[in-house]
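According to Swiss-Prot:
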BINDING   49, 50, 51, 92, 199, 250, 251  substrate binding site
SITE      160  site 'Transition state stabilizer'
ACT_SITE  240  active site, proton donor
């Protein structure tokens with residue numbers, strides 16, 4: 001199978017091309033976008049998912065908004081741009097990369113406010129492409145830092161999908177796996193199924209399997225058993241937002257994995273692009289948690305698995321306490337506790 005990429009940019013046709021992740025692994029189909037409204041829907045409906053990929057997609061979405069924005073003067077242009085930025089930002093509230101990418105695009109427009117509006121539109125196009133390319137570089141650097149914490153023969157547990165399908169390429173949590181494969185290491189990956197949307201089995205297992213990596217899918221409630229059997233040497237997960245104290249929001253179920261890892265003495269590593277670290281959010285209690293629709297739990301595959309009308313609680317994320325985290329691994333380096341002090345130092349470099 002050809003390499004699976006979540007995001008492609010058609011430079012000649014000025015179109016964003018996204019892999020429809022809602023139908024994986026059964027079908028591989030790409031959808032083209034050229035409007036901010038289409039991009040909003042792609043993020044909201046999880047055609048594209050994963051914090052880094054969402055950020056890149058949103059940047060292109062704001063460029064599409066800029067294309068049709070008023071050109072009579074900068075004030076009207078920027079007012080329209082800000083409105084569309086807020087609109088795109090509302091598509092998924094937990095992933096901080098979304099608002100980060102939109103702010104970068106807004107800042108680029110402001111930096112060039114004295115230029116002709118048509119020229120600013122072209123500048124925003126190039127800025128979205130730069131954010132896309134930068135994400136690839138960041139993911140590879142995270143992998144290079146993470147692999148120093150691993151060794152040949154390692155057993156890894158991962159949760160949800162912080163892989164190539166959640167980023168522009170390589171992934172964050174999976175980046176060291178691809179690099180270890182290149183080195184010829186003999187290692188095993190256990191991929192939590194990740195209820196209720198099954199990103200671990202439909203996405204992570206798919207991309208690792210296609211890459212020839214030894215991957216085994218387990219249900220979420222098997223993680224404790226696998227750890228108790230000595231099969232796991234490290235847990236590596238991604239993140240949607242990290243607070244200034246190290247508390248980490250990631251896909252629902254990650255907190256439980258961290259508790260198990262701590263009990264069994266297994267290191268818990270967070271693979272984190274620096275845009276996912278929100279120093280303006282003090283603790284995990286300040287992170288907004290998206291609640292998703294009940295059908296994801298009661299009738300995910302068109303078959304009812306619960307009584308119709310039953311109450312459903314479906315948070316998309318939980319927050320792993322910083323006390324359960326061994327290290328936060330970024331493209332700039334590895335951050336160890338105390339996170340409150342050391343995350344500050346990371347941004348002072």
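Note that Cβ sites are derived from N, Cα and C of the backbone, with glycine treated the same way.
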Return only the integer: C-alpha distance in Å from residue 51 (substrate binding site) to the residue listed as 'active site, proton donor'.
5
For the substrate site as recorded (49, 50, 51, 92, 199, 250, 251), determine the largest distance between any two Cα atoms, in Å, rounded to the nearest integer.
17
Shell list (substrate; ref centroid = CB of 49, 50, 51, 92, 199, 250, 251; cutoff 8 A):
54, 95, 160, 161, 162, 166, 238, 240, 316, 317
Would you mind reading off the Cα separation of residue 251 (substrate binding site) from residue 160 (site 'Transition state stabilizer'), to the nearest angstrom?
6
Fewest other Cβ within 10 angstroms of its own Cβ, chosen from the binding-site residues 49, 92, 251:
92
List every residue in the same chain as the residue listed as 'active site, proton donor', at least 6 positions away in sequence, whose Cβ is under 8 Å from its Cβ.
51, 94, 95, 96, 97, 249, 250, 251, 276, 317
What kind of secondary structure is the residue listed as 'active site, proton donor' part of, going by DSSP in three states?
coil
